[in-house]
Amino acid sequence: MARELASVLVLVLPFLLLVWRTGAGGLDVDKLLFGEEYDVSAPSSLPPRLNLSRSSPPTGGDDEWKEEILRLARRPEAVEWVKELRRRIHEHPELAYEEVETGRLIMEELDAMGVEYRFPLAMTGIVATIGTGEPPIVALRADMDALPIQEAVEWKHKSKIPGKMHACGHDAHVAMLVGAAKILKAREHHLKGTVKLLFQPAEEAGIGAKRMIEDGALRGVEAIFAVHVSHEHPTSVIGSKAGPLLAGCGFFKAVIKGRQGPADNPRHSVDPILAASAAVISLQNIVSRESNPLDSQVVSVAAVNGGSNLDLVPESAILGGTFRAFSNASFHKLRQRIEEVIVMQSSVYKCSASVDFFENERFYPPTVNDDIMYKHVKNVAVSLLGTKNYKDVPPMMGAEDFSFYSEIVPAAFYYIGVRNESLGSIHTGHSPYFMIDEDVLPVGAAVHAAIAERYFFLSEQG
């Protein structure tokens with residue numbers, strides 16, 4: 001009899017101990033007896049936000065967050081969904097401040113996920129929020145606008161709008177950020193703060209970032225990140241650098257006025273062509289003779305128009321171009337000197353001049369990566385994708401209105417490769433032949449989500 005009682009205790013005792021550890025009513029013994037999965041690290045009466053279902057297993061180890069984020073991004077249905085989303089946007093490109101249908105599509109997807117958002121900001125912009133609703137707050141940004149370019153790529157999902165094309169990958173940026181939203185929503189119980197998702201209009205023209213800021217998009221935000229597709233790197237390779245990454249970019253257009261007169265008797269005219277010619281030559285001396293050779297700067301005159309009558313000195317001449325620099329001080333010094341040179345050179349030849357710098361449309365400061373935020377991007381990319389899929393990159397003379405965000409809060413801008421020679425994905429942005437390798441989309445969504453989620457751990461470390 002004693003031996004039989006001992007046998008029963010050996011069988012029953014483990015279950016009794018487990019019931020005691022998890023608390024009364026916190027364990028369904030039937031599930032254990034019949035071999036069903038059960039998490040015993042928490043009571044069964046978890047609130048909805050912390051529901052640890054089989055489709056969303058709990059994470060906590062050093063590697064489990066990576067595995068789960070990649071799993072969510074790489075599910076076949078998720079891959080097809082994010083590709084289809086990008087194609088729908090690509091087929092219906094919209095220029096700056098016209099992104100109405102793009103915004104509607106984004107909001108439909110956010111509604112389906114149960115993600116809250118604010119609309120509109122900057123006319124057509126959207127800011128969505130995921131997480132606790134409390135600080136710390138980190139932001140991810142995607143630009144939405146297309147370009148006035150006729151697409152030359154013949155494929156099933158070619159632009160259906162004549163003269164408009166997503167020739168810079170903003171359709172992919174939007175799709176990756178919506179994809180990140182889905183991952184972050186699935187892992188919302190892991191977020192130790194709030195993630196803001198900024199869907200921004202008018203990056204190509206119209207300084208949409210500045211207007212998003214004016215409408216409160218950065219309110220409470222303590223760090224911000226953004227990605228741009230790059231044809232220079234193989235598909236899904238991440239690239240960035242600390243410090244200045246993209247140049248400040250400005251454009252100028254000068255109108256030089258003289259007095260019209262016959263070309264065969266020029267003493268009766270005041271020649272704006274001569275003044276413009278002198279100004280063009282003098283503009284080239286700003287960089288070569290006034291700037292630090294170790295501080296990269298550019299001044300380029302790209303257009304000159306003095307009329308079309310070959311027998312008449314015109315009343316006015318127009319010249320214009322661009323200027324670039326990697327520091328704010330150098331950038332604003334260039335602007336000042338361009339205006340001085342054109343106005344003063346024109347006065348030498350008895351002409352007057354005015355210079356427009358398009359400061360409300362296309363005037364971007366340098367994009368500078370904060371050292372700590374850059375290291376965060378690099379650490380997350382290497383952890384998630386491996387060292388072979390991360391590269392430090394040199395600065396570029398291109399420009400981005402993400403720079404307006406980086407002037408206000410610590411920021412990091414990074415590239416994700418889309419180059420795939422076998423697909424023809426080799427052309428630079430703003431080309432009518434520009435295309436991407438769509439395999440980048442789930443990877444970009446995963447990197448976005450991981451950067452945001454892991455930021456809170458960085459924040460905890462101070």
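Here the Cβ of each residue, glycine as well, is placed from N, Cα and C on the backbone.
Note: TrEMBL annotation is automatic and uncurated.
Copied from TrEMBL, the annotated features are:
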| type | residues | note |
| --- | --- | --- |
| BINDING | Cys168, His170, Glu204, His228, His430 | Mn(2+) binding site |
| COMPBIAS | 43-58 | compositional bias 'Low complexity' |
| REGION | 40-63 | region 'Disordered' |
| SIGNAL | 1-26 | signal peptide |
Around the Cβ of His170 (Mn(2+) binding site), the count of other Cβ atoms that are within 10 Å: 28
Residue among binding-site residues Cys168, Glu204, His228, His430 with least C-beta crowding, 10 angstrom cut-off: His430
Output field, Mn(2+) shell: CB within 8 Å of site CB centroid, site Cys168, His170, Glu204, His228, His430 dropped: Asp143, Asp145, Leu147, His166, Ala167, Gly169, Glu203, Gly429
